[in-house]
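First the structure, in the form of structure tokens, and then the observations on it.
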Amino acid sequence: MARKWNLPFLLLPLVLGIPLVRGSNPLPLVVNTWPFKNATEAAWWTLVSGGSALDAVEKGCAMCEKEQCGGTVGFGGSPDEVGETTLDAMIMDGTAMDVGAVGGLRRIKNAIGVARKVLEHTTHTLLVGDSATKFAVSMGFTSEDLSTNTSRALHSDWLSRNCQPNYWRNVIPDPSKYCGPYKPPDFLEQNNRAHKEVDIHSHDTIGMVVIHKTGHTAAGTSTNGLKFKIPGRVGDSPIPGAGAYADDMAGAAAATGDGDTLLRFLPSYQAVEYMRGGDDPARACQKVISRIQKYYPKFFGAVICANVTGSYGAACNRLPTFTQFSFMVYNSLHNQAIEEKVDCM
């Protein structure tokens, strides 16, 4: 799926001295993963109120953190093996190629806000764990418990099911039958990589891309990660080029899904590079999915892409339980946030 506008055609009336018809330019543009409408609207109204592309991404993702979108963004969701909720987020400025990100952030609700502070007040790209929390507190954020009755109940139920599912392999006791603690066996058998069936509702990261009316780009993500992950695990979301990527010379992209798989292919960076090479956004997204399918045909994932002329698209990998991917779009041709769907390939 794609919506395309030909830039030379848009510029022709200006060359001839003819004013453009109001609303004929699709910019600005907001696209985000999943039907998180309030996040889309928060980003859009930030833009029309005079905010930058970076401001829009931050406000949009922050709305999802506040609303706990799908239980997979923000506090109170996706407890790890010990029952704690931690957060990952990143934000990227495609004009300056600056990035701020946090991974395994504890006790701070506004992860995307902390990522913005990393971008603005340090020369680093990524801060993690307890030290990221200390940084956040120094920046004025409040330290508070991220667990809720809902996340505690999820963890309790998981323990009652012998810690299933989990993400261990080649350890004893058998992780498919028992809880840990685990340790490596004396002799490691070399067997084929096992594929774990995934719950698609445990991966609904918000990824957002914004193209400002000036052509400036930004992208970002926010997530509470994988349910019942091994403590310390960080997925694709806070990694530039994996979770999201933006470059004013081409466009922006964001990914959602099985972060451990996506991280190995830098799908957002690859999508932007495909657009730089001339592919329209829909085709760029499709090529990214095809590239991963060659190695992981059963992976769960989707990508959104937008170029600097206002064209956008998306693609996803088809599974028995995942045949369509929903994403949100708001541009100057719409008077509201629109949910669009693409058939998986």
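Note that Cβ sites are derived from N, Cα and C of the backbone, with glycine treated the same way.
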Disulfide-linked residue for Cys305, taking Swiss-Prot as the record, within Cys285, Cys344: Cys285
Fewest Cβ neighbours within 10 Å, where candidates are the recorded positions Cys163, Cys179, Val234, Cys316, Cys344: Cys179
Closest of Cys64, Asn149, Thr205 to Arg233 (substrate binding site), Cα positions, recorded positions only: Thr205
Which recorded positions sit within 10 Å of Cys69 (disulfide bond) - Cα, from Asn149, Cys163, Thr205, Gly235: Thr205
Candidate with sparsest Cβ neighbourhood (10 Å radius) among Asn38, Asn149, Thr205, Thr256, the listed recorded positions: Asn149
